[in-house]
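Everything on this sheet refers to the single structure shown next.
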Amino acid sequence: MEIRLAKSYGFCFGVKRAIKIAEESPNSVTFGPLIHNKNEIDRLKEKYNVELVEEIDEIQENSRVVIRTHGIPKEKLALLKEKNVEVIDATCPFVTKPQEIVSKMSEEGYSIVIFGDINHPEIKGVMSYATDPIVVLSVEELEGKPLKEKVATVAQTTRKFEEYQKIVNYLMEHKKEVRVFNTICNATFENQDAARELSREADIMIIIGGKNSSNTKQLFKICKENCPDSYLVENAKELEKEWFEGKKVCGITAGASTPNWIIEEVIENIKKIQV
């Protein structure tokens, strides 16, 4: 069986930056998961004593607090800054961008439409910088929503571009003025395009990443559209021998929060599978 890697996959700029910040801040805490990859979070704890905390009340005075890549709501950031702690901001710059955009557009009187998952930490952070934002995942969710005649729209950095286009087209058809900010990350574009291309050539796709990672789930969705035998795994232990029976080309891609050491372990384990 031939194993092919996608042309673009794995750690993005924002995640690499956040991991470096955490490694250079031993004995610190992260407010929320730094990235959506449990294996890497466990490694940071074991090797650098970087602890995960979910609530501000859990943070001790004089702590060093690393802000997660997804950012946090501005109210929580303000509360942190009121405490006697050192705040180290590892928010991805590509996530900070939509925060700044919705803040400015709200001040200028635009209705704000955010394309993304309202329960995702990145979107919760972006929402906090906007006035009465409307968050949707589809045109159907947008229909009937109260909007001014001038609208500004941003997207979650890890969503599918084609789905964002549908939102934008709907707004352009129904509103007089629409300011469109394409805030989907370039790394997301590249990884998705590479996954799409490879999944058309493979008869099995393995997508490596956290099951709670938005960008990894998008990769899985894209691969599944082209290759029905697509599987999302967090690590090599989740591989099943029977998946590979009769397969000739195994394609591999990985989410933006997936470290190389996990990808290499998965590849080595696939090589050992004899079917």
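Cβ from N, Cα, C; glycine included.
When secondary structure is read from DSSP and collapsed to three states, C92 ([4Fe-4S] cluster binding site) falls in the coil class. Annotation source Swiss-Prot lists [4Fe-4S] cluster binding site at C12, C92, C185.
If you look up Swiss-Prot, you'll see H36, H70, H120, T157, S213, S214, N215, S257 marked as (2E)-4-hydroxy-3-methylbut-2-enyl diphosphate binding site, on the strength of sequence analysis. Within 10 Å of the C-beta atom of H120 ((2E)-4-hydroxy-3-methylbut-2-enyl diphosphate binding site) sit 19 other C-beta atoms, taking all shown protein chains into account. Taken residue by residue with DSSP, H120 ((2E)-4-hydroxy-3-methylbut-2-enyl diphosphate binding site) is part of neither helix nor strand, so it is coil.
If you look up Swiss-Prot, you'll see H36, H70, H120, S213, S214, N215, S257 marked as isopentenyl diphosphate binding site, on the strength of sequence analysis.
Look at Swiss-Prot and you will find H36, H70, H120, S213, S214, N215, S257 tagged as dimethylallyl diphosphate binding site.
Sequence annotations record features per position, and here Swiss-Prot assigns active site, proton donor to E122. The number of other CB atoms found within 10 A of the CB of E122 (active site, proton donor), across every protein chain shown, is 25.
On a Cα basis, E122 (active site, proton donor) lies 12 Å away from N215 ((2E)-4-hydroxy-3-methylbut-2-enyl diphosphate binding site).
Neighbouring residues of the recorded dimethylallyl diphosphate site, listed in sequence order and excluding H36, H70, H120, S213, S214, N215, S257, comprise I35, E122, T158, G210, N212, T216, G255, A256 (Cβ within 8 Å of the Cβ centroid). Only C12, from the recorded positions C12, C92, E122, C185, place their Cα within 10 Å of the Cα belonging to S257 ((2E)-4-hydroxy-3-methylbut-2-enyl diphosphate binding site). Of the listed binding-site residues, namely S214, S257, the sparsest CB environment within 10 A is found at S214. Across the residues the record lists as binding isopentenyl diphosphate (H36, H70, H120, S213, S214, N215, S257), the two Cα atoms farthest apart are 15 Å from each other.
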